[in-house]
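Everything on this sheet refers to the single structure shown next.
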């Protein structure tokens, strides 16, 4: 029989006894008196409470005890004693047995609902998947179930359809709402060669893409797997409750017997009174609240993180985040974009860019691609060039429209005429750790292009938020000191450790750990050892799979501001765990002495019914507090969430 | 006199409780019989798990079948935290759980409330 049914039966049969209790002070009793109570309680015991006995007995045989043991012993004691009292014409307390059963079942009914509520984050994620895909088979697009899509398939996505699997666009453009996977609220424009993520929503265009990850390999499937593991992981703080739960029930039973002995033997109470205290002790002690405190909060916290695009891999990470003192960043790709970009153009912008782009058209140099990207963004059309010549270590020369032209470094420009103003600006740009490219036509430098692996626009804000939290920020990079310091100054990093060999990153992290726990934020393969060494490894979602595996937290959105949000969420979740544990312990630490009648002389006592209610309330309050974590405000110093 | 007897009986029961729950008692252990296709163990869930300790062979796909016979909501889920498994166990309906045996080691499982524990050894 379901808990729900047992609860309703128990409630309906308890109601007449409740009425009787209320009427008692007015000198009225329910018809049939003790006999009616006996009848009602017997049915409750047999129908609603029997599963407690069965479970208690089964575990007793295995040398275990659980909350059912407590409920079974509590209710059975009250019930059996009342029968004895009835036969010897003494006051009975059948209603205790009935009410305790009702309240405990009430607690379980709610708890079951809440627990299902806490665990549905994963189901919601899985529900995001498209059910079908339009795949090119034998020259035609046919609709096939998602499971039949294989890597390499060409898939068509129409406006308003979900992208079924991960892949790369072959044809067409569109904007895609990726919020369900990355948490990024702005739609993203996708062109040919851009990656698309399965289960995200295509909005306005039709496009074809090649599937490259299907089934369990898709980003969503991997996120689901990570969230599942995180939700069921153990936080170290839980070890305490594991230990407590092993000895809890037998200790409570012993305390209850002691309570009876003290009242009956030493304080001269009647058997009935001594039993009431003993039963109350058994009933109020609820190990469930202790057991539920950590897992439910972990479940809700990690589930909420997943919705925000922050994947927290396990409970250990949550706990470690709490003591982090220093946040160490990798530079390239984490603080900076990871690719050189044109930051400044000095001179006639379009002319300088046009000449530079025309000359660099055939070059493979990374700086050339930065210039060509900028030309494309500015919609500058390169001209055809003749007599193209690469000058080793200096740049390139060619003729454009019958005029000689060059693009290169200061060595190449030294033969040409540079105005003092331009020379001054070049020096200034160099001080900012930018690479300066001179553009010249007919032996005259017409402008400068400054190129840098620029910080991401959000980096500054992200680091300010961490500093506001009182954390020390450090940048670790293989780049030279001057470049590193310029970037650090730009984004506001406290300390720079430059010229670090990839293999030494982990050692530097370990050295920083001397001053307290360290979080490391990185994305590359070379960051993996540092991510593992750090107390909290935070991997950027765009990073390599190895980095994502090594990190304890993954930022799906690649937004550095999420570091602060991840810290805020982890702290919030961990504090909620502590709060839950505190309440669960307080219930028992305060509840047991009160129930045992320690405060009897102060007039504070707890009847078994109230003890049952308190017990139901304790597990319920813990689960509720965890579920409320979903609504709790995540205090972040970043302006928009 | 009656009170003295009650006292003695009460203390005796406490003594029994400590011996019964905290004394050393053998744990039901079962070693899975591995065939070429796989290995499987049936676990009965009734006031705990029997067997409570399962030994599996490394590298052979393993299936554990949990059948809950106990009405207690304490036991209505089984959680293998190392494997990210959190399986609901409807009463009297056998539920199979696939275990990845590629890594040797000792793993724990527990009920949803972390009150009952079992251990899994892969070697």
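Even glycines carry a Cβ here, placed using N, Cα and C.
Record features (TrEMBL):
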TRANSMEM  A:7-27  transmembrane segment
TRANSMEM  A:33-53  transmembrane segment
TRANSMEM  A:65-86  transmembrane segment
TRANSMEM  A:92-110  transmembrane segment
DOMAIN    A:128-228  domain 'P-type ATPase A'
TRANSMEM  A:247-266  transmembrane segment
TRANSMEM  A:272-298  transmembrane segment
TRANSMEM  A:581-604  transmembrane segment
TRANSMEM  A:610-629  transmembrane segment
Give the residue counts of the domain 'P-type ATPase A' (A:128-228) per reduced DSSP state, in the order helix, strand, coil.
20 helix, 41 strand, 40 coil
Mind pulling out the one from A:247-266, A:272-298, A:581-604 with the most Cβ pairs under 8 angstroms to the transmembrane segment (A:92-110)?
A:272-298
How about the transmembrane segment (A:65-86) with the transmembrane segment (A:272-298) - do they touch, taking at least 3 C-beta pairs under 8 Å (6 or more apart in sequence) as contact?
yes
Should the transmembrane segment (A:247-266) and the transmembrane segment (A:33-53) be scored as in contact, given a threshold of at least 3 Cβ pairs under 8 Å and pairs 6 or more apart?
no
What stretch of A:33-53, A:272-298, A:610-629 shows the most Cβ pairs under 8 Å to the transmembrane segment (A:7-27)?
A:33-53
Need one number: mean pLDDT over the domain 'P-type ATPase A' (A:128-228).
84
